[in-house]
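Marked as domain 'PglD N-terminal' by TrEMBL: 3-81. The annotation substrate binding site is assigned in TrEMBL to G69. Residues or ranges marked as active site, proton acceptor by TrEMBL: H138. Sequence annotations record features per position, and here TrEMBL assigns site 'Increases basicity of active site His' to D139. Among the features that TrEMBL reports, acetyl-CoA binding site is placed at I168.
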Amino acid sequence: MEKIIVFGAGGHAKAVIDVIEKAGLYEIIGILDSYKTPGSIVYGYEILGDEQVVSNMGGQIYGGIIAIGDNWRRSQLVNQLTSIHPDFNFISAVHPSAMVAKGTVIGQGSVIMAGAVIGSDTIIGDHCILYSQASVDHDSTLGNFVTFAPNTATGGNVHIGDFSVISIGANIIHSIVIGEHTVIGAGSTVLSNISDYCVAYGTPARIVRTRLLGERYL
Ligand SMILES: CC(=O)SCCNC(=O)CCNC(=O)[C@H](O)C(C)(C)COP(=O)(O)OP(=O)(O)OC[C@H]1O[C@@H](n2cnc3c(N)ncnc32)[C@H](O)[C@@H]1OP(=O)(O)O
């Protein structure tokens with residue numbers, strides 16, 4: 001099995017590690033996290049150090065995955081890593097219980113968790129997260145660094161911009177376009193397009209305020 005490393009040792013990393021273990025395609029050789037003590041064991045794996053350690057690993061590893069739940073913080077680590085290692089190989093991870101239809105593309109670094117469903121000819125961008133039982137239906141597109149929280153659903157032909165978040169339990173009807181850096185609140189029902197850089201929630205979902213670049217949502 002190809003050897004990989006996981007970046008991040010928080011609660012989200014635990015969920016990502018479980019997906020990688022269940023998928024059985026890669027062997028995790030350790031975790032990199034600057035907030036943990038090197039040599040300690042987290043989720044059954046040794047903390048090898050911080051991101052600098054990658055430079056010493058040479059050809060020992062096939063690649064890795066960024067296991068940080070916040071979209072913006074995940075992108076910052078991707079940028080940091082690729083500025084030093086432009087050819088770093090970001091693996092994707094798909095839980096064996098996920099249903100991935102024909103014609104679907106899943107970008108590098110993306111994680112598809114238990115029970116998620118992706119419809120035909122749907123494009124999932126790079127470094128996205130589909131949590132458990134998220135359902136993205138046919139001919140939809142997700143940009144990069146997008147999150148679908150647990151139990152979210154879209155109709156067909158839905159388009160989500162980079163860095164946007166569909167919060168837990170939200171539903172989006174068919175053919176909707178949601179902009180970049182936007183957060184759709186928990187339990188919302190989206191019936192019309194929602195623009196960039198805003199927070200929208202409710203049934204039907206309405207824009208309640210604007211959002212700043214990188215603003216926390218978790
Ligand atoms: C595996 C995982 O854990 S994945 C992550 C799962 N977690 C989520 O999905 C969390 C998603 N977060 C939300 O939905 C948040 O409520 C957000 C991001 C949409 C809004 O957060 P904020 O802008 O900080 O709103 P804030 O919490 O200050 O609430 C402001 C008001 O909006 C209301 N409100 C906030 N979110 C919602 C919502 N989704 N639906 C209806 N009303 C809402 C609040 O009740 C509050 O009302 P009040 O002023 O009458 O008291």
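Every residue gets a Cβ built from N, Cα and C, even glycine.
Given the structure is predicted, the values throughout are model-derived calculations rather than measurements.
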Listed recorded positions adjacent to ligand 1, that is, members of H138, D139, I168 whose C-beta is under 6 A away: I168
Nearest-integer angstrom distance between the alpha carbons (Cα) of the residue listed as 'substrate binding site' and D139 (site 'Increases basicity of active site His'): 25
Whole-number Å value for how far I168 (acetyl-CoA binding site) lies from D139 (site 'Increases basicity of active site His') (Cα to Cα): 22
All-chain count of other Cβ atoms within 10 Å of H138 (active site, proton acceptor): 19
Between H138 (active site, proton acceptor) and I168 (acetyl-CoA binding site), the C-alpha gap once rounded to whole angstrom: 20
Reduced DSSP assignment, D139 (site 'Increases basicity of active site His'): coil
Set of same-chain residues at least 6 away whose C-beta sits under 8 angstroms from I168 (acetyl-CoA binding site): A149, P150, N151, T152, A186, G187
Number of other Cβ atoms within 10 Å of the Cβ of D139 (site 'Increases basicity of active site His') across all protein chains: 16
CB contacts for the residue listed as 'substrate binding site' [other CB atoms within 10 A, all chains]: 20
Conformational class of the residue listed as 'acetyl-CoA binding site' under the three-state DSSP mapping: coil
DSSP-assigned states of the domain 'PglD N-terminal' (3-81) in counts, ordered helix, strand, coil: 34 helix, 23 strand, 22 coil
